[in-house]
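Taking it in order: structure first as structure tokens, then the write-up.
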Amino acid sequence: MFKTFAKAIQSLSVALLMGLPMASSAQQLSENASIVVESPWARASLGMSRPGGAYLTVRNEGSEPISLIGLRAEISGMASIHETRTNSDGVSIMAPADNIVIPPGGMFALEPGGYHAMLMQLQSPLVEGETFPLTLLFSDRTELEITVPVLGIGARGPEG
Amino acid sequence: MMRVAKIAAIGATAVFAALFVGWWQVDGPGADSAPGKRSLPLTAMEFSLTDQDGRDVGPETLIGEPSLVFFGFTYCPDVCPTTLSDISGWLDEIGPDAEDLNTVFITVDPDRDTVETMAEYVSYFHPQIQGWTGLPDQIAAIADSFRATYEKVEGENGEYTMNHTAGVFLFDATGRFVTTIDYHEPREFAVPKIRRAMQNRTERAES
Ligand SMILES: [Cu+2]
């Protein structure tokens, strides 16, 4: 039943066919172009036993609010959005993020120390220089598949 | 009556001002860290851990040079690699002066973070960053001395993560605790703080 929505993006298959990692700054759009994902990147993982982390920015160019409700990725047995918070004692706490609503014209960033795509149960390691597909699930049933380039473990942002 | 009221008002203002200054320095933005939460000096600590090369290390390993220490774990997908990257950037910015700065990442997850794991993990960051692990009671001892906390949080599928103090602790060459660099603190603040901790040593050497 997801098939109807799964063809949302073509740029990924083009990139894969050409065997080229897409530039991390590339925009990746939903079919009706109302959702734009920018600057996706992930850190290389140390093997498969540790969870991977990925980051990106979502812009809502539509006229209705949308909610980012989840993630799906073949590379991860359990992909979800997490938030890291630092409490008043300076203790950092990681927890699943709830209800991320992006207003029309608004944007939402997953970035280090804030929100991240938590890729648990890695099915294969995240290798620097490679890419993997990640599907973003939205409340309006849009499923947007994007291509995430894997940067080094020590990367600080989409530019490395 | 008017005079009494005026004096009372001035008095009250003074009291509030004093309270405000006190708050600012102790609890407020002027505080170095929360009251009662300051790390002990390294000279008052007792712990025995193992570095990434399998060597025994303790407080004496750090005393004599300024030190930058923080807690984390290698299964941490976000805050720990980000902090290690930040520290690598600070060290790059400080340049050759940072060569004598002890820079240590201490795991709060010794069950999973073995010596070999720590060695591999730190190898991806600035070459000066060391990775220490040890017996759970020794990790508890050092965290306690730092007034740092950590806690195991069980997930849904038998996995677990660790909540932990995320700041970076700075000590001068004598082992005195100088300050912390909070997570998210901009580099414009972090690097001068490190230089300040390093400065204390220069002053001591000159005196
Ligand atoms: Cu997470």
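Numbering starts at 1 and runs along the chain as it is shown here.
For all residues, glycine too, the Cβ spot is worked out from N, Cα and C.
Here TrEMBL has B:CYS76, B:CYS80 binding Cu cation, and the candidate from B:HIS126, B:HIS164 in that same listed site is B:HIS164. Counting only residues at least six positions away in the same chain, the Cβ atoms of B:PHE71, B:GLY72, B:PHE73, B:VAL108, B:ALA148, B:THR149, B:TYR150, B:GLU151 sit under 8 Å from the Cβ of B:HIS164 (Cu cation binding site). Across the residues of the domain 'Thioredoxin' (B:38-203), the predicted structure has a mean pLDDT of 93. Long-range Cβ contacts of B:CYS80 (Cu cation binding site) within its own chain (separation 6+, distance under 8 Å): B:GLY72, B:PHE73, B:THR74, B:PHE105.
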